[in-house]
Amino acid sequence: MDNLRLHPDTIQEIKQRIDIVEIIGDYVVLKKRGRDHLGLCPFHDEKSPSFSVSPAKQMYYCFGCGAGGNAFNFLMELGKRSFTDVALDLARRYQIQIQTLEPAQKQELQRQLSLREQLYEIMAVAAGFYHHTLFQPQGQEALTYLDQKRCLSSATIQEFQLGYAPAGWETLYRYLVEQKRYPVAAVEQAGLIKARQSGTGYYDQFRHRLMIPIRDVQGKTIAFGSRTLGNDEPKYLNSPETPLFHKSKTLFGLDQAKTAIQKVDEAILVEGYFDVIALHESGIKQTVAALGIALSRDQVQSLMRFSQSKQIIFNFDADKAGINATQRAIQEIEPLVYSGQVNLRILNLPAGKDADEFIHSSAENKEIYQTLVKQAPLWVDWQIQQLLKQKNLKDPLDFEQVARGMVDILKRLTDQNKRAYYLQLCGEILSQGDSRLISLQVNNLSSQLTYGDRPGKNGSRHWQAKDPTSSLLEKAEALLLKIYLHCPQERPTIDQILTENDLLFSFAHHRLLWQKIDQVREYFNLDSDPDNQLPLLVQLAYLEQEGDFNSVESLFQLTETSAEDLFRANLRIPEAIAIMEKVPWESYQKHCFGKLQQLDPRTQAEDFRYYQEQWQKAHQEIQRLESQRLNQPLN
């Protein structure tokens, strides 16, 4: 839908109707402070809230990283989505009539919006159907399973809207398509039915299964998890990916857990649906689960938004598979873990039990579980404990293996204080109770860390571009354009410098962006732009006209690094200009050198001397500009 041309009246109505506090509040825990609202910034990692939302201005700003803008900017940056996608979602949310500039596109837009709304409706009706069927005679086996095997109360069954999918091949199909008259294509897109491979017709995706609705963070049903009640494989089966459901971005139970996570300032991540349900029933409601896939960074960051301390506790099974799952989860979010951006703890329950088994095995286990949560070791301590399992440090091979594992953990710790603490701890462990050996073991580990930190011949620099000059120029132009887009107060300075120095952008996609900026400023008379509408209007210009937006899309998004560049714009502008000025001088120097090679200094002495002087002048300018650039090198 990115090529849809939205009518300016539609965009203006959306801007007038939206409530930025309500929108951002879906993703960030906000607390009222005076006239504004404060929370943890979702665009960079912080422990103290510096993210401010102003309902009066309908703007947000982070004093930590400099991210700021309106509701459009927030949703575009957070979800890495296009302006059109965000505008359409907001229009749907606030029930705003969409106007486009082409009737055919308007029809396609209405079809897309109608389909999404229809999918939500179909999923809600299906959830109600499964839940109702659970209490019918055909659902008795499933209800008995929940009562006797899972020990769940009627209130919990109602709260999670658990249900039963009948054993028939076309039961849900007939209900949704033939009785409720939903289009068969929409029901198929919802992941509830499948087309038969041979012949015609459809059959139900879920049959003779216990059904568990999966909801988004707003509480809308977007998919189903299921457990077989017979011998069918697989034992657990989820909905396929659909327009509503993306497994790697969804956490089961987050809609019901988010308030508790905010209240107790921690989140517990378990393996299965019934672990979540059992813990919620026991009053431990800050619990969610991944959906049978490797944990993703997106899932962890969605949890972090609801906890100011960013404390997450992994409670996977304590068997070998669970230990491996914990290790994989740590690896998946390694940048967050090793840098300390998430306070991760690991809880393994006694006797290898999962949370559901543990809670239901004894009446006292609810209190015991809560105690174990408080005592759960930090992930580093847990990793060290895993290294020591079934190892005899008096055995040279075991000792060497443990020491290597410790070095591997320590070298990834970016916080020097944390590294020093665990370096001492590991030294004490390896000394095996002999205090005289502690300093020796610490020094030994430290020397390996120092050696390991040295870059090799093909070390961390292998990623650098093959053409550093071209790469540097592109970065400089991109930085200047980003400052121009996001810093209205710097635009007169940049305009003046570019005009006085007769500078042009060298890359085609940058020239096109500059052309669109110029057109938008002239059309909308943006000589003064206190609300910084330029980025939004330029993106709209790309959507309404031809142009490769992908090549410049990153310039409209603010990261922690780029926010720092904008904060230091007065230093970054001269640096970028210096690089851009170098290019024509380098070109002129090459021109002079070519002329010198063609001239005979004996017969063409005057011309030879002229180009020799010009070459030297260009060389001096290049040296001056390079020195100016190196004072504030581009990252």
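Glycine residues also receive a Cβ, built from the backbone N, Cα and C atoms like all the rest.
Around Asp317 (Mg(2+) 1 binding site), the same-chain residues at least 6 positions away in sequence with a Cβ under 8 Å from its Cβ are Glu271, Ala325, Gly352, Lys353, Asp354. Annotation source Swiss-Prot lists Mg(2+) 1 binding site at Glu271, Asp317, citing sequence analysis.
As annotated by Swiss-Prot, Mg(2+) 2 binding site applies to Asp317, Asp319, with the evidence given as sequence analysis. DSSP classifies Asp319 (Mg(2+) 2 binding site) as coil under the three-state reduction. Of all the Cβ atoms in the protein chains shown, 13 others lie within 10 Å of the Cβ of Asp319 (Mg(2+) 2 binding site).
Swiss-Prot lists 265-348 with the feature domain 'Toprim'.
Taken from Swiss-Prot, the feature zinc finger applies to 41-65. Mean pLDDT of the predicted structure over the zinc finger (41-65): 86.
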For Glu271 (Mg(2+) 1 binding site), just count the other CB atoms lying within 10 A of its CB, please.
21
Could you say whether, by DSSP, Glu271 (Mg(2+) 1 binding site) belongs to a helix, a strand or a coil region?
coil
From the DSSP assignment alone, can you count helix, strand and coil residues within the domain 'Toprim' (265-348)?
35 helix, 16 strand, 33 coil
